[in-house]
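A.B. asks: Attaching a single structure in structure tokens format; questions to follow.
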Amino acid sequence: MDEKRGVKNGDLVLPGDYLGVIEEYFPGEGVKEENGELYAIRAGKVRIDPDRMEISVEPVTDTPPLPQVGDVVIAKVIEVKPQAAIVQLIKIEGRNDREIATSKLAGIHISQVREGYVDGMSSEFKIGDIVRARVIANEKSPIQLSTKGHDLGVIYALCSRCRAPLVRRGDKLICPRCGHVETRKLSSLYRKLKV
């Protein structure tokens with residue numbers, strides 16, 4: 001009869017690995033009890049808390065990030081409606097290590113474009129624009145964003161006529177190829193961020 005061996009603090013374990021018996025420890029996060037024996041239910045590092053007599057398994061991999069209220073995101077405009085722009089989330093600023101873990105669609109309502117009155121969305125955003133926005137609501141889909149703020153708004157745009165990258169001149173965008181002039185809700189970081 002082969003004897004089951006317990007684990008030490010910091011050991012790496014896989015789901016189903018034997019950790020010990022209920023008489024030694026209470027099962028914590030990532031641990032299940034089965035017939036008095038404790039088993040890992042996820043891959044990770046064993047953590048033993050001697051004060052609480054608890055054993056747990058901490059995941060060693062970071063979970064993909066979810067956009068939280070207050071996070072700044074980078075997104076691409078995929079549709080412009082009369083009252084909103086629909087964007088596809090590219091990344092959460094400061095979290096370049098992982099892809100976003102949720103539906104990648106978000107919306108910018110006309111009331112969240114800028115302070116003051118906005119006549120129409122088509123003068124603020126165009127399909128293909130890259131925007132920097134803040135998450136203001138994430139409890140339902142699509143996630144709601146705001147571009148109110150001088151550093152929020154369009155950070156990269158192409159000419160709607162010839163698709164050349166637009167150059168900022170004051171509060172306007174000018175196409176260096178065809179000379180077309182366009183307006184957007186511009187970020188102070190226009191063409192200063194690497195996407």
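Including glycine, each Cβ sits where the backbone N, Cα and C put it.
Just so you know, TrEMBL annotations are computer predictions that nobody has curated.
Relevant sequence annotations retrieved from TrEMBL are reproduced here:
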DOMAIN    70-148  domain 'S1 motif'
BINDING   C159, C162, C175, C178  Zn(2+) binding site
A.B. asks: With a radius of 8 angstroms around the mean position of the C-beta atoms of C159, C162, C175, C178, what other residues of the same chain does the Zn(2+) site pick up?
C.D. replies: S160, R161, R163, A164, L166, P176, R177, G179, H180
A.B. asks: Residues with Cβ closer than 8 Å to the Cβ of C178 (Zn(2+) binding site), same chain and 6+ apart in sequence?
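C.D. replies: Counting only residues 6 or more apart in sequence, the Cβ neighbours of C178 (Zn(2+) binding site) under 8 Å are C159, R161, C162, A164.
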